[in-house]
Every structure is written in structure tokens, then in C-alpha cells.
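As recorded in Swiss-Prot:
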BINDING   Arg39, Arg45  NADP(+) binding site
BINDING   Arg132, Ser133, Ser134, Asn253, Ala254, Gly298, Lys313, Pro314, Ile315, Pro316, Thr317, Arg339  FMN binding site
Amino acid sequence: MRYITAGESHGPQLTVILEGVPAGLTLAAEHINKELLRRQKGHGRGRRMQIETDTVEIVSGVRHGVTLGSPITLIVKNDDFKHWTKVMGAEPISEKESKDMKRTITKPRPGHADLNGAIKYGHRDIRNVLERSSARETTVRVAAGAVAKQILKELGVEIAGHVLEIGGVKAKHISNLSIEEIQTITENSPVRCLDKEVEQEMMNAIDHAKSSGDSIGGIVEVIAEGMPIGVGSYVHYDRKLDAKLAGAIMSINAFKGAEIGVGFEAARQPGSKVHDEILWDEEQGYTRKTNNAGGLEGGMTTGMPIVVRGVMKPIPTLYKPLASVDIDTKEAFQASIERSDSCAVPAAGVVAESVVAWELAHALVEQFGKDRMELIQQNITQHNKYAKEF
């Protein structure tokens with residue numbers, strides 16, 4: 001499976017085309033809209049989320065609520081486009097009209113794609129860069145993730161995400177929660193945190209950053225249960241599932257790090273405390289005493305829960321802008337200001353769920369049969385029986 005997205009932040013719409021989704025998957029707009037709404041929530045979001053009412057339109061690949069096996073096209077309209085029709089229109093405009101708009105951007109923002117992208121593509125108006133590099137694009141990545149989650153659900157895999165840290169405020173580790181319990185708690189938290197004791201402290205940190213014209217980042221974690229043993233590969237570097245998951249996390253806007261299992265903590269412990277001892281019994285088959293590997297060894301699943309974390313830096317658009325240089329005059333200026341969030345970590349957690357879900361669904365479809373859901377389900381059932389008796 002693969003997908004490609006298109007569209008600009010203030011353009012008419014965002015589009016994603018999904019290829020390779022098996023036939024026979026139950027899929028309706030409500031499944032996708034639920035995920036889009038989750039992305040819009042979270043303490044610290046900016047005014048843009050008050051403007052947009054993200055809903056999906058399914059325009060191909062689905063008939064009467066069931067996927068056909070052909071490419072699926074999903075569209076999300078940008079409600080704010082009505083205020084940007086001239087600025088972001090596709091038709092040519094005169095030089096006078098261009099000057100009258102006064103929205104040309106020549107002062108790149110530190111931390112964004114602005115300067116590097118302008119140099120790469122030769123854009124003298126940095127808006128040509130920021131409109132596409134904007135995290136608004138993650139709207140349709142969440143839509144794609146919603147389709148992947150539906151695949152996982154029908155294949156017996158559950159997934160959930162939560163926030164571990166915001167602006168240096170850390171949640172304590174809470175173990176032995178089911179995926180359903182994690183989902184219930186986080187859906188009722190403004191910061192998608194499991195630890196109610198630090199929830200308000202996280203919100204206070206966000207509010208302080210906002211009032212100071214600043215921004216803060218954090219850490220999110222995604223957990224998936226129900227993956228069969230041996231999904232992925234040790235044979236080639238580009239088929240290792242842990243590599244794909246880390247790459248997916250790093251592809252999210254403003255993410256600067258990824259961990260699987262105990263992650264970087266493994267460097268501080270001896271092997272005897274890191275590696276997960278193997279157990280077997282007639283009821284469960286092969287299992288592990290611990291899950292420090294985060295459900296992945298040698299690029300393949302172990303059958304234990306997948307545990308992936310991502311580190312999000314503070315959003316680089318600041319209302320108290322940093323120093324920059326005008327690309328036309330080369331004079332020192334403060335960077336341009338665009339409407340933005342003070343903290344998007346809770347929303348980014350939803351995006352992280354989506355990209356992890358896509359990689360897991362892709363791996364299952366690739367390994368157990370590509371064409372139709374019924375065949376994939378049968379093959380997974382047979383594989384699980386085989387693995388248990390191996």
C-alpha cells in the first residue's frame with residue numbers, strides 16, 4: 001500500500017490518493033471524520049482550528065461502504081480558502097495584483113522549511129514553500145491513517161496513543177492499561193495524557209508559552225496490540241518494520257526523534273536487563289517475560305505490543321519572532337509571523353497514531369495477501385496457528 005497527498009494549507013482542498021487498499025474493507029466517511037475531529041482537538045491549538053470543520057469526501061475506490069481494491073481518493077475542503085482565493089488561486093495574475101495583495105513573504109522563519117525550500121526550488125516568495133510544508137497537510141495523512149486503522153481493526157490489531165511529556169512536564173508511567181482504557185482516558189483529556197495529576201500542569205505550561213509569544217514541544221507514544229509474530233523482515237534493510245516505523249514518525253512535521261521500546265535507555269543498561277526472555281505455553285504459544293524491545297526484534301514483530309515514541313520540537317512559528325534575514329534585501333529582520341499553535345503535541349499524537357497504523361497495515365497486507373480482506377484474515381489465522389505450534 002502507498003499514498004500520495006496534494007494541496008496547500010490555504011488552497012481549496014487537501015487530497016490523498018491511497019493505492020493498494022484491499023477489496024472488501026468496510027469503510028465509511030464517519031470512520032475518517034472521527035479521526036479528523038480528534039486531530040483538531042487539544043489544548044494549545046490556534047485559531048485555524050476554529051475556522052476549519054474538517055470532513056472528508058470519498059470520491060473513488062469505495063462503493064456502498066465497501067472498498068473496491070481500486071485507488072481510493074479522499075478530499076478535505078479548506079474552509080479558509082474563501083479568504084485566500086486571490087492569493088492562492090491557480091490562475092495567472094498581473095504584477096499589480098501581486099503587489100496589491102501584499103502577502104509576499106521574504107523573511108524566512110528559523111526552524112521551518114522556508115529558507116532551505118526557497119533556495120531548493122528558486123522561490124522568491126516564501127509562501128510557495130510554507131503553504132505546502134505546513135502541518136495542515138497532516139489532515140489527509142490522518143485520513144489515510146483512518147483507513148489503515150479500519151484495516152487493523154478487521155485484522156484484530158488495536159492501536160492507541162497518548163502524550164508522555166509537554167514542555168518538560170512529564171507524566172508518570174501507568175502500566176497494565178488496555179488499549180480501550182487508553183483510548184477512553186485520552187479522549188477525555190485536553191492534552192491526551194493518561195496521568196491526571198500532571199494534566200493541569202501541562203495545560204499551564206502551554207498557556208504560559210502562549211502568553212509569552214513562545215511555543216513548546218513534547219513526547220508522544222503509540223501502542224499497538226495484536227500484531228502476529230514475524231511481520232517485517234531481517235533479510236533487507238528497507239523491509240525492516242522498525243526502520244519503517246521510525247521513518248514514519250520522523251516524517252511528521254516538527255518531529256526530531258523516534259524511539260522503539262526502551263529506546264535510548266538501552267544504551268545505559270547491560271544486555272541482561274535489556275533483552276526480553278522467551279517463554280512458551282500451550283495457551284499462548286511464544287511470548288516474552290518483558291517488552292523492552294517494544295514488540296520488534298531484527299526488523300520483525302515479536303507478538304508483543306508495538307511501542308513507538310516520537311519527540312516533537314516546539315513549533316517554530318513564534319509570535320515573538322526570532323532573528324532572520326530578508327532574502328531580497330539581505331537586511332536583518334525579525335522573521336515573518338504566520339497564524340500558528342503554541343503547542344500541537346496532543347494533535348501530533350493523533351498524527352503519530354495514523355502513520356504507525358499505516359505502516360502496520362501495509363506490513364500485514366504485504367505479507368498476508370494484497371487483494372482482498374477475506375484472504376488476508378484467513379492467512380493471518382493460519383499463520384498464528386503455525387507460529388503457536390512452531
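Heads up, the Cβ atoms here are built off N, Cα and C, so glycines get one too.
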* Structure fact -> Comparing the Cα of Arg39 (NADP(+) binding site) with the Cα atoms of the binding-site residues Ala254, Lys313, Thr317, the shortest distance belongs to Ala254
* Sparsest-packed among the binding-site residues, when each Cβ's other Cβ atoms within 10 Å are tallied, from Arg39, Arg132 -> Arg132
* Structure fact -> Students should find that the Cβ of Ala254 (FMN binding site) has, within 10 Å, a number of other Cβ atoms equal to 19
* Long-range same-chain neighbours of Lys313 (FMN binding site), Cβ under 8 Å, sequence gap at least 6? -> Gly111, Gly217, Ala254, Phe255, Lys256
* By a simple count, how many Cβ atoms lie within 10 Å of the Cβ of Thr317 (FMN binding site), its own Cβ left out? -> 22
* **Ser134 (FMN binding site) CB neighbourhood, other CB atoms within 10 A** => 21
* Number of other Cβ atoms within 10 Å of the Cβ of Ile315 (FMN binding site) across all protein chains -> 25
* Can you see whether DSSP assigns Ile315 (FMN binding site) to helix, strand or coil? => coil
* Structure fact -> What DSSP gives for Arg39 (NADP(+) binding site), in three states, is helix
